[in-house]
């Protein structure tokens, strides 16, 4: 079966009820033939608000969660709470969580495991920084992180892998469609050799670098690029156009 195209809009720590409400209205009203899966990730404070306002045909994701269901963990939210808001996805291991907040591969693996066991879909992020890329260790870094995640996954049907070329985010550098395809292809091969052929064929590997309306068509035409995790650009109304690039 062909893999269902996946577009995630990560709103990060941006917006308020007024601006996000307007964005959601634009999203809901978009007349776009709908073949893929669109998921938007509002700030935690607006999970309820977003799920209430966003058309049910779109998914909503949290941007993070913790590795247990409840307890003395000030400032954290659990998958159970996310589900209680009617939200079905969570983004884990985003480069900002790793590099700004110091989350380790191990912690992210534990979060992935717990979120999946609670029935959430997980967008698990992996990628390498500029110094790692320049040192020629991209594959080693990316496979190592994927392995930690893979060790914690029993059921892959609810996992989307997002490759973030961290070296290209907000730096003005972009990964060419060929560079992206090469890495996505190697990731799929790694899954085939280390998990199973079935998983390798069915898991969506999406691109989490800088995406613009101009680059998304070219990227989406690559055989192993199954969608996007869009950052800042997802706060603009044109975001809705990204979801139609395969048609």
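Each residue, glycine too, has its Cβ placed from N, Cα and C.
Straight from Swiss-Prot, the features:
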- 10, 12: substrate binding site (BINDING)
- 94: active site, electrophile (ACT_SITE)
- 164: active site, proton acceptor (ACT_SITE)
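Feature map: Swiss-Prot annotations on the structure.
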| residue | record | Cβ within 10 Å |
| --- | --- | --- |
| 10 | substrate binding site | 25 |
| 12 | substrate binding site | 16 |
| 94 | active site, electrophile | 27 |
| 164 | active site, proton acceptor | 25 |
Alpha-carbon distance [residue 10 (substrate binding site); residue 164 (active site, proton acceptor)] in Å: 13
Between the residue listed as 'active site, electrophile' and residue 12 (substrate binding site): CA-CA distance (Å): 10
Assigned element (helix, strand, coil) containing residue 164 (active site, proton acceptor), judged by DSSP: coil
Integer Cα-Cα distance in angstrom, residue 10 (substrate binding site) to the residue listed as 'active site, electrophile': 10
